[in-house]
Structure formats: C-alpha cells, structure tokens
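Enquirer: Take a look at what TrEMBL says about it:
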- B:552-576: compositional bias 'Basic and acidic residues' (COMPBIAS)
- B:257-371: domain 'ABC3 transporter permease C-terminal' (DOMAIN)
- B:739-849: domain 'ABC3 transporter permease C-terminal' (DOMAIN)
- B:545-592: region 'Disordered' (REGION)
- B:20-40: transmembrane segment (TRANSMEM)
- B:253-274: transmembrane segment (TRANSMEM)
- B:280-298: transmembrane segment (TRANSMEM)
- B:305-327: transmembrane segment (TRANSMEM)
- B:347-367: transmembrane segment (TRANSMEM)
- B:387-406: transmembrane segment (TRANSMEM)
- B:412-435: transmembrane segment (TRANSMEM)
- B:465-483: transmembrane segment (TRANSMEM)
- B:729-754: transmembrane segment (TRANSMEM)
- B:788-812: transmembrane segment (TRANSMEM)
- B:824-845: transmembrane segment (TRANSMEM)
Amino acid sequence: MSFTPEIYIQAKALTKQVQLTDSTLTILQHIDLTINRGDSVAIVGASGSGKSTLLGILAGLDTATSGEVYLAGQPLHALDDDARAELRARQVGFVFQSFLLLPSLSALENVTLPAELAGIKNATQRGRELLALVGLTERADFYPSQMSGGEQQRVAIARAFITKPAILFADEPSANLDETTGAKIEDLLFELNAQQGTTLVLVTHNPALAKRCAKQATMQAGHLTMAVAEVTSVA
Amino acid sequence: MWPNVAWRLFWRELKRGELWVIAFALCLAVFTVVSLSGITESVRSALAQRSANFIAADKILRSSLPFNEAIFEKAATLQVKSAKQMQFSTMVFAGDEMQLVSVKAVSASYPLRGKLTLRQHEAVDAPIVPTFSQGEVFLEPRLLQLLQIKAGDMIEVGVSQLKVAGVIAEEPDAPLSVFGNAPRLLMHVDDVAATEVVQPGSRIGYRYQFAGSDALLTQLETEVKSLLTLHDRWQKLDRESAVGSALDRAEKFLLLAGLLGIVLAACAAAVAASQYSQRHAMSVAVIKALGVTTATARKIYASHLSLVTLLSVSIGLALGQFASSSAQWAIVNWLGDYQAEFSSRPLWLGLLTAVICAGLFSARPIWRLAAVPALNVLRQRQQEWQFDIWHLATGAVAVWLLMWLFSGDLWLSAWLFLLCVAFAALLLGMAAVIVKVAKPMSAGQSSALRLALANLRRRLWPNSFQLITFSLALFLTLLLYFLRAELIGQWQQQVPVGAANQFLVNITEAEKPQISALLTKNQLTAGNYYPMISGRVLSVNNETLTEPDAENSDKAESENRDTANRDTAERKKGEQQADQTGTAANAETAERRRGIGRELNLTWLSQMPANNEVVKGQWFVDGGKAEVSVEVELAERLDLAIGDTIGFSVGGQQFSAKVSSFRKVDWNSLQPNFFMILSPDLMATFPATYLTAFYLPPAQQPLLNQLARQFPTVSVLSVDNILKQINDIIAQVSLALTVILALVFAAAVLVLVAQVQATLEQRQQELAILRTLGAKTVFLRRAVLAEFAALGLMAGVFATVLAEILLAVLQVRLFELPFSLHWNLWWIGPGLGMLLITGLGYLLLRKLLIVDAPTLLRRALQ
Ligand SMILES: Nc1ncnc2c1ncn2[C@@H]1O[C@H](COP(=O)(O)OP(=O)(O)O)[C@@H](O)[C@H]1O
Ligand SMILES: [Mg+2]
C-alpha cells in the first residue's frame, strides 16, 4: 500500500554560517531534507549541534546563508520577513521548550491568540474545545504564573493547534519538565498530532522520544543524517 | 485582528500592572513639570506682588515735571488703578522750632499696594486713623520731638497752616535706610499747591503709581509712550535691596529646581520605557513567531504606548494642576492680599513634556521592541539589550530643549545639561573601572558579601545606567537640599533673629551711661556707641569745591538718570538714594558728584565695623594719623585716589585728612553705616553725639515711650516694620523652597523605584536559581541588602562629589554667595544613598525573598 507522498517541506543544500568577530562559524553544512505531508520527523543530536537552527530555518523564523527551503510549495528563501510571517500564521504551529505563553493573558486567551491574530472567527469556542482536549477546562481563566510547567505546556500545545496548522514544529517540548510530566506532554502531542493529521517536526535530544516519530534524523556537527529509512505506513 | 488583540493586551497589562511603571513615569514627568512650573509661577507672582508692597504700587513712573493728567486718564480707561505722589524737602515751622523734612504728598488712593498705618499719637498702642483728608499732616514720631509739638497742634508748611493729625506708624514704601534722611511728613497732594512751596526750579519728584495685572500694565506702558518726555522714566523693581536680592535668589532656586525636576522625570520615563521593552521582548518574539509581521507588532505596541500616554498625561495634567492650584490657594490664604492668576503655561509645558518623553524616550525603545526577531523563541537566553546611542542622543537633546523652554535661559539650561551629560559619562567610565577592580577584591569575603559583589559586578556594566540614575537622583536632591539651606542661612544672616530694630540717635556723652542703665534694667543690651558729628567736605587735594545752584538742578536730575541706567552697581546707588530721600537725594547725588557734600555724618573709629571690607589701601594702623577711610562708591564719584587729601569743615573749624583706604559697605545690613570714617586723633577735640542700636522685643514696646519722656533730645528710629517685612518674605520663600524640595525628592524616589523594579525580573530568576541550589532566606536577604547598600553607597559618593562641585559653582556664579565647603554633605550624601536605596530595594524585593522556591522557579521560567 505504497503511494507517492506529497512533499511538504524540502530543503536543498542548506548552509548556515554566522559571522563572529574574527571567524566564521558554520552551524549547518549542506543539508538536504524532505518531509512529506503527514510525516512525523524527529531531529536528534547533542546540545549545540544545530537542531534549533535547522528548525528555525525550516519554520521560516530564520534564513539560511545559502540553499533553498520550500514550505507548502512556497520558496522560503525567496520570501521577505513579512511574507514568511503570513505563511507561518496560516500553516505553522509551534511548541517551545520554555512554553512561551504571554504572561498577561489567561490560558484561554493564550490559546486563542493565534486565531485572533489571523482573524479566525469562533476562536473562543475552538479554544475551549482544545483546552478540554488537553484536560485544562478548569484552568481556562488561569494566568501562566498560576499554572505548573506541565499545565503551561499543555496550554502551549492547545495554542499550537488552534489555527489548524498543516505543520507543527516542536523544539524540545519536554526538556523543561520532569520525566512523568514530560511523558504526558509527549503523549498529548502525539495524540493531537494524529487526531489533527498534522505534519510534525520534533527536535529532541531524547532518543526514546525520537523513536515515537516515523522518521529520525540525526544532527552532528552541522551535518544531518537520516537514521531510519521510510516507514511503511502513515497515520 | 490586531486591534482586538492590542486592546485586550492593553487592558490585561494595565490590570496586571505591566504598564504601570511606564504610565507612572510619564505621569510623573507631566506632574513634575506642571506642578513645579505652576508653583514657581505662583510664588514668583506672589513675590512680585509682595515686593510691589515695598513700593506701594506695581509700577511707578518717575518724573521731574508736574503731573500730566493725560497719563492718569489713559490708566483710568484701561482700568488700571493709579495714585499720585510728590516728594520734596522743605523746612517746616512750629512756634520757634524749625526742621528740614522730607515731604511725601499723596493722593487719597495711596497706597495702591501694602499697608499704611496712621495713629492718633506717638504711643505704640494709640488708636488707628483710618483715613486722612486735606488739611491734615502725619509726621514721623521723632519729628514731634524735634519740633516740640504734639498731635493736634498746627504746623506751617510753606505758607499753609496744617493740622498734625497723628503719626506714621507703618509706611509701605518707607526708605530701607535709617540714616541721612530728613524726617518724613505725609500730606495730601492737593494741599501742595496752596503751600506755595513748589516754585519754578524747585526740586520735586513726581511719581505716578499704578496697580493692575501685568498685561494691563504692559499695555499702559506702550500706550503712554508718546506722552513721555526725557524727564519721565519707569522705575524698575528694586532688585538690589535685601528683599530684592532674596526674591531674586528664590526665583533662581525655583527655576533650578524645575530644571532638575525635568531631568529626573525624563530619566524615569527612559528607565520605564527600556524596562518595558526588556520585559516584552519575548512576548513580541512569540507573537511574531505566531505569524505577526513587524509592522503589525509595531502597531500593537504603539497603540499601547499611545493609550498609556493619553491616560497618564491626563492624570498628570490633572494632578499637576491640582497641586499648583492648592499651592496657589495656600499662598492666597497666607498672603491675604495676593491675587492668584490662572496661567496656561504650566499646562502646555506639561503636554510638551509628555510628547517629548513619550516620543523620544518611549517611542524609540518600543520601535526597537517590535523589531525583535521571531527567531528569539528558539534561543534559550534572552537577547542582551543593546546600548542605543541614538536613543540616548535624541533623548538628551530633547531634555535640553525642554529645559530651555522651561527656563527661557539658554545659558543656564545648556550649562546644567552639559554637566549632567559629563556626569553620566564619568560614571560610565567609573563603572567600567570598578568592574575590572572588583573581581580580585571579592575573593576572601564572607559568602553573602561575595555573592552581592559578584551580582553587582555582573550587573554593573550592563546596568550602569541604573547607577547613573541613582546617582543623578541623589545628586539633584542633595544639590537642592543644600542650596536651600544655604539660601535660607544667608537670608537669616542678613537679618538675624534679635537684630537691632531700634536706633537711638543724638545721645550726649552724659546720657550714654544712663541709657545703658535703663536698657540693662529692662534686660536689654545696647550695642556700640558710635560717635557722630555733622561736617562738610570742602576740598579735594586743596581744590575747593563750589556750591551748586538751582539752575543746575535739571542737569543734575538727568545726570542722575544716566547714572541709573548704567551698570547694576551704579543703578543700585542711584535707585537707593533716590528711593530713600526723593528729590533731595537726587540733588544730593548730583552735588556729591561735583564734590560738595551737604551735611555729612562723620564718625571716627579705631576699629573697622564688622560688615565693612577694605577694598583698597589699608585700615588705620595704630588708630591712624589724620587719615580718612572712604566708602568705595563715594570715592569713585569724588574721583579719589589713595593718598589724596580731603579738607573738612566741622562746626566752623577746618582740617584735612589723607585718604588711606576705600571700604565696601553692605547697605542692606540695617547696621549703622558711614560714608567717611576718620581716624580718632582728628576728632577727639570735637563735641560729638552718639548713636547706638538695640533689639527691643515686641512685648517691651512701651519702653519706647519711656525713653522718649526720659531723654527728650534723643531720637528713636524704629526699623521694626522693615525687619518684619523682610522676615515675612524670607519665611514665605523658605517654605516655598521646602515644598519644592519635597517635590523633587519625591520625583527622585520614584526614579529609584522605577529603576529597582526594572531589575526585578532578572533578580527573580537569580533568586530562583539560588533557592534551588539551597540558599537560605537569611542568606539571600543579606546578599540582596549588601548589594543595594554597596550600590547606594557608590551612588551616594558620586552624587556627593558632583553636588559639592556644582554647589560651589552655583553659589559663586548664579547666587553670588561666598564659596564654602559643605562638610555635612560628605556624610549625608553617602548615608542617604545607602539608606534610601537599601530601604527601597528591600521593600520592593521583600516579596520575592519570602516566596518558596518552586513558585519562584515557576515564575522565573515563564
Ligand atoms: N546567531 C548566532 N551566533 C553565534 N552562534 C550561534 C548563533 N546561533 C547559533 N549559534 C551556535 O550554533 C550552535 C548550534 O546552536 P543550536 O541550533 O541552538 O543548537 P541545539 O538546538 O542543537 O542545541 C551553538 O553552538 C550555538 O551557540
Ligand atoms: Mg536547541
């Protein structure tokens, strides 16, 4: 039951260099990567190996020094900041390592924020549904400072799905949490991902977590190697 | 869409207190400017009105020509109040006695400002005469004795017989000098013609007195311009007298306080805005990652800024206006006759301040805030806030512009501004050095202290702005505190408590011990007895000086006018002399210029009076030998040089003396002062009378009556009213200075609070980490206190050094006070810095210190 998957992200010969005071640091070297719609891909690697940098470029938060990136058919490398922002608003969801909720908004408001910014109607309704899905119905009116780290990350996950993004980028989503809470967060993330049919790019240095993804890629000193070949089925 | 989000964020942040610091800072800036300039303006106009009392009018036109009724008509059409006054000297007769008097003839509306008190007779508690009418005269009490008459008698003035209806107890425009004046006679201006005293060539001073609002008076001045001749001139407010200079200095102080208030407020706004930006950097990165463009982010935060500005400006304007209205109300309550005027200047200055503070101090950080890259969401560390030279430069220029606008004084504002800039640069340099030096120092200290030092060092460089604002706030407070003390001290020294308020003149050698005994019996102390004798200057270097004649008087008048328009020192003399003795003095000045003294009070002393200062030559050595010391301005007029010989005539006998020194005399001191002091050897053979002065408490006033009865030939001159007026003004000005000092201090404290709050976030993280590492509350508290104490001490020392330097410069340049070091400053400055900053820091951080580790951690990791 094999079919030709639709390519969702394609990176060609990506190189990222940063200029330091007296030298040039190469963070990413000539990276080629293809991610299909509906895929779940884990990027693993030691701390400082360039995982976040790659994620940033793939998500259109950053630009590469050379090479091409296509996201949903759009050439990110050719778009300006604003065009990339609009693309993110429509297509991309994020879950960050340090949650990054807006401290002055309640849980529900944090969840609905992307929808409101994108001008989506009935955001509150969908926000409540998502909060229910992550098990935080009771916490809708809590502020981030009143919630535990795990709760905050669940709010962040709900926020990531509010705009029904085609792709979700998660940068070490459980790294700031204790093991049990982290595991619950991971379960939730995969569950929602499966349910919504979202493409997932997950950065982690936890091999166990990486195993839950259909594909794994390893970052090492700026080079990327796909560890596992195509898996047979995609949910 | 974004407006909804912006609106929601705005309200949420307002509710959570996120925007408060910035709102507060803007509010403070507006409030400071509005209230300070409002209060300054009220105090200034109250003081101007107060000093108007000293000339019994708001404005005076002086003339040597008879009154031009057209000018009074112009005033009437403008609804400016007016009064007429003539001043001249003449002889009056009562029976066999005669006496030269200085006549002041006034119209019924006199005085337009201030208070005239007339009493039925010379007893201090005699009934008050409410009005005076034609045919009546009122005399200075000593004139009754000189003429040997009592209230109710008739006297001859020219060819008229006028009734002595009582005595002058209080006169608003009384001369401030006690000596050399003929005694005063007050009469009705409409009686003057009948006396036939005024003849062609007579020297009469005509004064048009006006009272009304500034605007009307200015209009009057322009409208009557065409009616004025060479013989008319507007009298300036006397700025050189004791009162005048006190007011002048107070005004300068208020101005300075206002300028410093602006600097402080601008600092607060700058601190708050950059703090706000720092706190929101991550939120901006998040919403940008969520797909918001930079332009939209800018719109969201700009709308926040506009709303905050609108809110805080309205509150600031309202509060500022309220404060200045309250001050005005207090002034009205206190001065009674003060008329408050509404001025819109403080309000538009406040608005302008808000626009500049919001525009330059807040808009730029918020503009940069929106430019924070979305990529930051993936970075674990917060982006370091970069030093924004443009922000600083534009902000600095704006502050200076504001200072200039506020003060209207380019020199002062530029100077003060450059000083603050130099100060900031100096502190930045010092901070850099300390960062380097503090490293090895911190080894081997107790661990709390080491942590404090380490924290300080780590934050000192990136946050040396904090140190600068701390120091600046302290410095400005110290500066104002000490200037205020200095000014008040100087004023009190000018008129010390218990300063002599009664002068006894014409005491014979035999009466000296009796008077001393009487005073001692009443627990009073007499001062020195100064010998006094009338004499004339006959010649300078054997060149005889001629008598003036009536024909010269006009020339004399115009010469005097020229003199009055020259430099300040000259004007001072011209004004003072003219004020004191009217036309007689004008003539006298002119006479003196040609070298002929009328009768001159001469004294001889072996010791120089305490408030005199030799400016050239040398004071008598061993009592001197046929020498004379001349008051320096008189010496200039007489064109004297050290070593010249002056010929005198005393009681028909002639002798000469060599000029051995020139003295500077403080004419404001209300102490006996003399133009010429002779060496004792010259005068020993002449029969002299003596002058002494003493302080009489108000309760013992009846003693004056006893003195007058017991020593009929001794004249009592009371300067009590003058002293009281001066003391009143000094008390009022002192209170105004104190209020303004309190305001500036409050502004400084608010800057400190804003600044400490700016670092709360960072501290929260640190405390969380330290807590997790197992640090105890006591330890953390000690470390925090030690850090703030060190910071406060450092800021205090910087502030002290700078305050001392600036005080010295201001004292000498702006306030013309003698230079002095302020020893108190050296412990108050660092002490205040340490206490204030430690106290504030502890108060603000207290909550963080008692929060348990998990909560802290959770907050820190948000
Ligand atoms: N703008 C930058 N300037 C300098 N060094 C950078 C910059 N961005 C990333 N790096 C460096 O590149 C390396 C990779 O960073 P990152 O992608 O965050 O690693 P990872 O997420 O795998 O831990 C790190 O050593 C980091 O310090
Ligand atoms: Mg990373």
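The backbone N, Cα and C atoms fix where each Cβ goes, glycine too.
TrEMBL does not curate its annotations; it predicts them automatically.
Fair warning: this is a prediction, and the values are worked out from it, not measured in the lab.
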Enquirer: Return the stretch with the most CB pairs under 8 A relative to the transmembrane segment (B:465-483), choosing among B:305-327, B:347-367, B:729-754.
Expert: B:729-754
Enquirer: Short question: most Cβ pairs under 8 Å with the transmembrane segment (B:387-406), which of B:20-40, B:280-298, B:729-754?
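Expert: By Cβ pairs under 8 Å, B:20-40 leads among B:20-40, B:280-298, B:729-754.
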Enquirer: Is the transmembrane segment (B:412-435) in contact with the transmembrane segment (B:20-40), using three or more Cβ pairs under 8 angstroms as the rule and ignoring pairs under 6 apart in sequence?
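Expert: Between the transmembrane segment (B:412-435) and the transmembrane segment (B:20-40), which are separate recorded stretches, there is no contact, as judged by 3 or more close Cβ pairs.
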Enquirer: Cβ pairs under 8 Å only, please: of the recorded stretches B:253-274, B:280-298, B:347-367, B:412-435, B:729-754, which one is richest in them relative to the transmembrane segment (B:788-812)?
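Expert: By Cβ pairs under 8 Å, B:412-435 leads among B:253-274, B:280-298, B:347-367, B:412-435, B:729-754.
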Enquirer: As a test of reading the model: what is the averaged pLDDT for the domain 'ABC3 transporter permease C-terminal' (B:257-371)?
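Expert: Over the domain 'ABC3 transporter permease C-terminal' (B:257-371), the predicted model scores a mean pLDDT of 82.
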Enquirer: With DSSP as the yardstick, break the domain 'ABC3 transporter permease C-terminal' (B:257-371) down into helix, strand and coil residue counts.
Expert: 101 helix, 0 strand, 14 coil
